[in-house]
Amino acid sequence: MLVKLVVGSLFLFLIQMVLKTVYYMGFHLHYNEHYPGKCENIDGIGIGSEDFYTFTDGLTFITSGLALQNEPAHKQEYMVKHNIVGRIYLFDFNKNKAKVEELSIVGSNGGFNVKLFYPHGISGWLDESGKKILFVVNHDEHGVDFIEKFEFIPEKKQLKHVKRYRDDTMLLVNDVQATSKDSFYFTNSATDRIQPWWFVMFCRLAWNTVVYCDGSNYKIVLDDLFVANGIAMSNDGRYVYIANIMNQEIVVAERKSNNDLVKKQLFPVYTYPDNIIVDMKTDNLYIGAHPFIYKINQAVEYPDHHSPSQVLLLYVKDGNIKKTRELFYNDGDLITGSSVAIVFNSKLLIGSVLHKTVLCDVNVPL
Amino acid sequence: MLMKLILVSLLLFLVQHIIKVVYLLGFHLHYYQHYPGYCEPIKDMGPGSEDFHTFPDGLTFITSGFAIQNESVHKREYMVKHNMLGRMYLFDFNNNKAKVEELSIVGSNGGFNVKLFHPHGISGWLDKSGKKILFVVNHERLGLDYIEKFEFVPGKKQLKHVKRYRDDTMLLINDVQATSDDSFYFTNFGTGHNPEIKLLQSLALLRWTVVVYYDGSNYRIVLDGMAMSNGIAMSNDGRYIYISNHDARELVVAKREANNDLIIKQGYPLYTYIDNIIVDIKTDHLYIGSHPIKYQLARHLGNPEVYRAPSQVLKLEMKDGNVTGTKELFYDDGDLISGSATAIVFNNKLLIGSVIDKTVICSFHVPA
């Protein structure tokens, strides 16, 4: 009798897990396309523009060619076929053109090898002399994740590698947010490279972390996140925003004087948010998002599959997200898997995980 | 044993039906707001702009003050509070202003009484002399449904009532589509005026509503089995009739036969509760006002003073009677406008009417 009860309960528990997972996949959801203005593809960029950072002068640094270590065979073939290597591109909002320039990357501090470079998240910082510093997440092809620091040399259109950061808290790093020229937060989107995404989703394992590096020491500042993805900081440095992607929410955290993070608001977005960019003037958030988790995961593994692209604008006041607007929605034929976006100079730039990069006019009020 | 089987089957059937209805009510849905430009409400209008017709010269005739014969207590209080009467407004796309003028309505053919007038769907026609003719669905207070024909007298900003149409096939009319100055299609969105019966039919997911054709002398049913036929419109060449099958969340495209019969060509799912359809005068594309979240619409219509309902405008690209693409032109959570029913883009402006709420005009700056 007791055994029947236990088995019956386990069975019911399993059923509700399956139902929950199917529900969150979103097979039953339908959305319509819309654009804020005329949109076009950006020429000359390799495959993918997973994250970018825009400085106040409009210069934007885009990471391209995302790959994790140990990609499956068909993905590796795809990468060879399309010459996907890790690259960083420069886009200038001031030139009114849908073009980018590839930056050359030099330097080899701490064993950095540009041939094994696969960039992911990126964050910029201006040092005291006004030099542009970039922190870039690197899934070094030979093994582990690093955070690489570069200096931008404008005359040579070059990124000079200056320092490499590594720690055991770097499990599967996704994004980084600089807090000075030698300190940063970063997010882990998994605890290892083995668990398949659908398993993580089914078991709803919320054990991912946000880590802070003060230049020498690393400490976990947030835990129990159900896949932490993008991370960004408010212009005044008081708040840190994290895309808790699998929980379909944005976490707003207050930053303590010792750089600890305390959760302040959990804002549900009913979609899967990727990277976050904070508007330099208004403090509002631009988010690249994936409305259907199974579609984006499929598109990442089989890049000829399409997944819709969605850009959200979140209005923020005093560290509270107040309301939302959807700036862009495409079924995936124009751009698949939008992961990052910004509106600058009335233009919307959208990057994708492994697909095209798009620039749109913004003719609507924000 | 057999009894047990029958009872369990009935129970399972009931359970799956309840789950289906709860799902269709849309409690689980979340959408985002977005606008094609700067939007503002039109001032000095009574509540509601359920349908409108725009002539090629930009003159737009809007029906306002929608009410059926048996309204809820809350709705009636709302109507008294906001002085909601059946009215007709004129909006001119050529004036660059968010304003309308109320038209005076004269005439009493066949017993028409403007004091009992509650307009709903509308369709326009230009007769041979270029005079603007309007067919308007009327839920006559304390009476039956009629289709009223008016002539527009521009000099007097007046609608002169010229003919009233009535037949037993007019059960609970929603919209009308003119095919000449004395013939039209119309849709029934229920089988009678009793709101409780209508609600039961909706919850039971029945498909009992009909589309009727009047050829100048006789009325006949041309389409049956519609879950809830709502808006109706005709392609510019007269070959296709578009009907919004509201409760089925689909657009029905029907081919028009030589004898005006309708043959369904396509049932296009839109996953939203579509209301009225307007065909773009130049491109033949469709503008559709719709209600994305059913339970919010129902709540709002029952108690508009308290509840808001989201508004959505879709544009469907058409080619030879087939839908080739969809775009969402507008989405609002209900604060700016609740329950959008009709829309058109004309002269780079988007005009949106609602069932019993405001009317909004937006500048239109996005690719259409």
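Glycine too: its Cβ is placed from the backbone N, Cα and C atoms.
Marked as active site, proton acceptor by TrEMBL: A:H120. A strand conformation is recorded for A:H120 (active site, proton acceptor) in the three-state DSSP classification. Cβ neighbour count for A:H120 (active site, proton acceptor): 28 (other Cβ atoms within 10 Å of its Cβ, all protein chains included).
DSSP assigns A:E50 (Ca(2+) binding site) to coil, not to a helix or a strand. Sequence annotations record features per position, and here TrEMBL assigns Ca(2+) binding site to A:E50, A:D51, A:I122, A:N174, A:D175, A:N229, A:D274, A:N275.
Sequence-distant neighbours of A:C39 (disulfide bond) (same chain, six or more apart, CB under 8 Å from its CB) are A:F328, A:L334, A:L348, A:V358, A:L359, A:C360, A:D361, listed in sequence order. Secondary structure at A:C39 (disulfide bond), as computed by DSSP, is strand. Per TrEMBL, the feature disulfide bond maps to A:C39-A:C360.
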Cβ neighbour count (within 10 Å, all chains shown) around A:E50 (Ca(2+) binding site): 27
Any further residue of that chain within 8 Å (Cβ to the Cβ centroid of A:E50, A:D51, A:I122, A:N174, A:D175, A:N229, A:D274, A:N275) of the recorded Ca(2+) site: A:H120, A:G121, A:V137, A:G230, A:S339, A:V340
Cα-to-Cα gap, A:D175 (Ca(2+) binding site) vs A:H120 (active site, proton acceptor), nearest whole Å: 7
C-beta crowding around A:D51 (Ca(2+) binding site), within 10 angstroms: 30
Cα-to-Cα gap, A:E50 (Ca(2+) binding site) vs A:H120 (active site, proton acceptor), nearest whole Å: 6
